[in-house]
Amino acid sequence: MSATPAAVIVAIDGPSGTGKSSTSKAVAARLGLRYLDTGAQYRAMTWWMLNNGIDVSDPSEIAAAADKPAIVSGTDPQAPGISADGADASVPIRSQEVTAAVSAVSAVPEVRTRITDLQRTIAAGTQEPGDAGTGIVVEGRDIGTTVLPDADLKVFLTASPEARAARRSGELKSADGKAHADLAATQQALAARDKADSSRKTSPLKKAGDAVEVDTTELTLEQVIECVVTLVEKASADKAGRMEKAAR
Ligand SMILES: Nc1ncnc2c1ncn2[C@@H]1O[C@H](COP(=O)(O)OP(=O)(O)O)[C@@H](O)[C@H]1O
Ligand SMILES: Nc1ccn([C@H]2C[C@H](O)[C@@H](COP(=O)(O)OP(=O)(O)O)O2)c(=O)n1
């Protein structure tokens, strides 16, 4: 693990299957930064609502329940962890049931306000002793545009719909042990989620104007990680230079 010269705030956004989680975790681990999976927070909120009888087809019921569960996210890139009202949510938030409902829940403004506040508190490092002044890699859909518009580096990952579906169906296959996950159905489900996430009114999935776009279609995961590590190291050195100049 190489040390970064200045604590940096890194925003990594993009649609599903572009490599956000794998890249963000690896970059954070290599550079000694914290890590936050914001999709996991929306998934934990959705899981809690499904478990607590909230009708997730009714935005007013979702809005009324948005401030109820305590959502706690870990920031260790090697073992992030997430809980809702004290119950470990790490595994159930990946279920098909949660995946199918998460776009509707995360489109509700009250949910976004609640979770955005949590994200900003975690990024600021004021929650845990020892976190203050440490950098973080935050991945999601609206980090560069809304949650952390002053991030030191913004990256927007993309990949072709075919590559993204192949990656996701590979994961589903290894999870359920079936020989052939349905690639076409996976691609269709991803397209539907993209559409919902990009067309919602509040804070849609969108590339920030000042984000660096990386098309990962033809890159291996290791190549993407190396590319982002280089970008973070440069952003960190630039920040250290600015801080030094300001201190003179
Ligand atoms: N560049 C890449 N080439 C091949 N597979 C990749 C690449 N990036 C990620 N993957 C794989 O694709 C799957 C989805 O990646 P993930 O990081 O969860 O994407 P996201 O967080 O954007 O949904 C994982 O199984 C991951 O190992
Ligand atoms: N910053 C974010 C992160 C996720 N979301 C919503 C929209 C996404 O479809 C879901 C799930 O996100 P997640 O990153 O877990 O999805 P994938 O792992 O890429 O399939 O949460 C969001 O609205 N804003």
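Cβ from N, Cα, C; glycine included.
For 10-233, the entry in TrEMBL reads domain 'Cytidylate kinase'.
Packing around Thr18 (ATP binding site) is summarised by its Cβ count: 24 other Cβ atoms lie within 10 angstroms of its Cβ, all protein chains included. The ATP binding site feature in TrEMBL is assigned to Gly14, Pro15, Ser16, Gly17, Thr18, Gly19, Lys20, Ser21, Ser22.
Mapped onto DSSP helix, strand and coil, the region 'Disordered' (187-213) counts 13 helix, 2 strand, 12 coil. Feature annotation from TrEMBL assigns region 'Disordered' to 187-213.
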(message) I need the least crowded one of these binding-site residues (Ser16, Ser22), counting other C-beta atoms within 10 angstroms of each C-beta.
(response) Ser22
(message) Could you tell me the mean pLDDT the prediction assigns to the domain 'Cytidylate kinase' (10-233)?
(response) 94
